[in-house]
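See below for the structure under consideration.
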Amino acid sequence: MTEPVLEIRDLSKSFGALRVTDGVNLDVRPGEIHALIGPNGAGKSSLIKLVAGEIAANSGSIRFAGQEITGFDQIARARLGLTRTFQVSSLIPEFSARGNVMFAAQARRRSVFGFLGQVARDPELVDEAMQALERVGLADRAGVRVSELSHGEKRLLEIAMALAMRPRIFLMDEPMAGLGQEGSARLVGFLDKLRSEAPILLIEHDMDAVFQLADRISVLVAGRIIARGTADEIRNHPDVRAAYLGEDEA
Amino acid sequence: MTVALFLEQMLNGLQLGVMLFLMAAGLTLIFGVMGLINLAHGSLFMVGGFVCAAVAAWSGSFWLGLIASLAAAAALGALVEIVVIRRLYDRDHLDQVLATFALVLMFSEGVRFVFGSFPLYLDPPAFLSGPVTLPGGLPYPAYRLAIIIAGLAVAAGLGLLISRTRLGMQIRAGESDREMIAALGVDIRFLYTVVFALGAALAGFAGALVGAIQSVQIGMGEPVLILAFVVIVIGGIGSIRGALIAALLVGVVDTMGRLLLPMLLSNVMHASNAAGVGSALASMLIYLLMAAVLVFKPKGLFPANA
Amino acid sequence: MRDLVTEHRLNIVLALVLLAGPLVAHAADEPFMVTLATRAAILALAGVGLNIALGLGGLVSFGHAAFFGLGGYAVGILASHHQNYEPLMTWPFLVNGTNQMLILWLVAVLVSGLAALVIGALSLRTSGVYFIMITLAFAQMLYFFAISWPAYGGEDGLSIYVRNAFPGINTLRPLDFFLLCYAVLMVVLVAQWRMTGARFGTALQAVRQNEGRVAALGLSPYRIRLAAFVISGMVTGLAGALYVDLNRFVSPSMMSWHLSGEIMVFIILGGVARLFGPVVGACLFVLFEHVFGSFTEHWQFFLGAALLAVVLFARGGFIGVVAGRARHD
């Protein structure tokens, strides 16, 4: 069996009396989409933040690409190839769509201290950005300022920036949110192929998308994983049904 | 060094600290409730000094001057809040800094226009003009002692105001949750004006009290303003308690540094050099204290929203 | 896009006006006007320095007078040692003063850059109002240090009696010195323009707009800001060096918080984050001071009123009003 890319062991996090992550164990294997579902407030986004290093865990460990990264900060983890997309689009508002992706490509090169060469005339960065935009279907909007993009376009731009990072794993926080039916369907098709480039830890509310895409699904309720399995196993799992029916389908 | 000198300087340090608290309390309240950084706070300090000196000279009564300075600073604060400051709450800090810097220029020149460029002098009230003898036989100026007592009394009063009164409850609500005070049916615009005027009155009060120790002159509020910023950074922004403790700390460290550093240095170098180098280093001491706090506790010693 | 073209054209016009003014004044035998223009160019350079931190990086430093003053003292101290034929130090090796501007500038830039590194490393641990207050406090610390350090004039300041030398030109002639300062300003502006479009400028602007995103991409916002702060301090320090040669005098007032405020005022008057914003702002400031100062000693009251009006009602400053909102890729 191949070694997991990401391995989370006994991870816990509390804010005051509130335990948002409670002894979570989870791994993501090469080539798979591992979906994380659960009702609102279950701690899904907190878990992504813990993995990305935006917040620090109280206990537990995270291994990534054969390395212990529990003590690493967000920047160091991103450099190792952990790339996240945000639940609420987090972009550089005054840059164009292309400018955003070019900046991601620049960041992948860890290149900050260039003072003369003009980014806009850098063929490598421009080509890479255009390729990523092409893949998500935003090529014809490349020159448009982010603040003038539609909500759905911003979601796709998030994905394009993640592509330009060429990560070893994608952490995607509700990529389908606000895309509409057609957009979601297209993104499902895209992510389906993307898993061969790098595995995906996917948080998603769109259950149709989850059941189509996920190799494995983990169900998070009140900070704990209550069930794990394939789409069929989860669909018929009594605890999951209870959690969802009891908590009102989100 | 004698024990008497040491004690005297400790008291001077406390007196400076109390002054700084009066300034810092207003600044930190205004920041805590309205999210505004106000450079013109030092101008209100100056206006307090000038009004007190002018009214005291005209009426012959220090007390009348003191009351007038409180009233003038509060009224001016309310006026400035209504005309200018109100427009800055939803602006970024850069705009707030520049607009209140503009107010500093206008106040300084305005005061110069009204009172002229020469310093005014203000005498403390007669019964406080002499020294008192402290336990242990140490003579100490009664007026400075009165400042310390008045300042601590104001600190206590402010503490009660915030913890026990309706206005205080609204202020605390404003610091933690702005939507909530609107939901409570509080007139926010009025509350903001009152808080600003309260801060202004504290600054004017401090300016009037200090006016009888130093001369009353243009720009007298500016060094105090910047020291009050240091106090806030050390104490933690938005925290009255932090402001009090940090103010006393800064006052004592600054005063004692100026006394002790030249003495310490005279052990290792020539006396004349030691005085110069020592006073230069002493002038940096509280800023180094601030730097140390920043390294270990970037949010200050008493962060308000811990 | 049209706005950007407008701004480029406007910048060229502004650069030419600043050059033509003193040339005309020189031809009309008005050396005072040349000196005034030199003052504007140097203050503009100080503003250009701050604009790198403030405009591009969003770092509201209220302590840039510290770097202006340190650059100034670097020149004042070295030049006075040169004039008095006293070495600056004799141990562990001999260091003499100098009157060569190129060396003086280098020292000024290094000293102010080093100070910016230390002050920035501490101040950038915080943000927002804290950052403003802390930069202000550190500048005040250096101000008080300059006042109480007796060796170089203390509160009275330090005079250098002859302007320092630059190879190939006679710096004592006002027009020559103006052209030198103007050239420095233009070189720095071109460098800033290149930097803005280069990888560093891109990263810096990204940090200003969305710090969390930059960190998520694996770049350190702290380091980017610190580098910008150091560059910014260096440029303002260079302006301080020129300022001392203009006045042949350096004093603690170069480090006063009023000066920090004024440098910031240049930027807001001209337009925040505009390449030529500080240039326009400094020129307006010097003109304002000259015109209003000639008929009222209370001109600063009117400066305050004008500044207040710009902040409240004309955001974007002069260039914002003339060229419209900024756009960039």
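Using N, Cα and C of the backbone, Cβ positions are placed for all residues, glycine too.
Within the same chain, residues 18, 21-22, 25, 64, 67-68, 174, 177-178, 181-182, 184-185, 188-189, 192, 195-196, 201, 204-205, 207-209, 224-225, 228-229, 231-240, 242-243, 246, 262-264, 266-267, 270, 272-274, 277-279, 281-283, 285-287 sit at least 6 positions outside the transmembrane segment (C:37-58) and bring their C-beta atoms closer than 8 Å to a C-beta of that stretch. According to TrEMBL, the transmembrane segment annotation covers C:37-58 (among others).
Annotation comment: TrEMBL describes C:65-82 (among others) as transmembrane segment.
TrEMBL lists C:102-122 (among others) with the feature transmembrane segment.
What TrEMBL records for C:129-152 (among others) is transmembrane segment.
Residues or ranges marked as transmembrane segment by TrEMBL: C:172-191 (among others).
Annotation comment: TrEMBL describes C:226-244 (among others) as transmembrane segment.
Taking Cβ pairs closer than 8 Å, the transmembrane segment (C:264-288) reaches residues 7, 10-11, 14-15, 18, 36, 39-41, 43-48, 50-51, 54-56, 60, 62, 64, 185, 189, 192-193, 196, 299, 302-303, 306-307, 310-311, 316-320, 323, 326 in its own chain, all 6 or more past its ends. If you look up TrEMBL, you'll see C:264-288 (among others) marked as transmembrane segment.
Annotated transmembrane segment per TrEMBL: C:300-323 (among others), in sequence order. Sequence-distant contacts of the transmembrane segment (C:300-323) (same chain, at least 6 residues past either end, Cβ-Cβ under 8 Å): 3, 6-7, 10, 265, 267-272, 274, 276-277, 280-281, 284-285, 288-289, 292.
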Contact count check, CB pairs under 8 angstroms to the transmembrane segment (C:102-122), set C:65-82, C:129-152, C:226-244; argmax is C:226-244
Selection from C:65-82, C:172-191, C:226-244, the stretch that has most Cβ pairs under 8 A to the transmembrane segment (C:129-152): C:65-82
Take the transmembrane segment (C:172-191) and find every residue of the same chain, 6 or more past its ends, with a Cβ under 8 Å from one of its Cβ atoms. 15, 18-19, 22-23, 26, 31, 34-35, 37-38, 41-42, 44-45, 48, 101, 162-163, 166, 235, 238, 242, 245-246, 275-276, 279
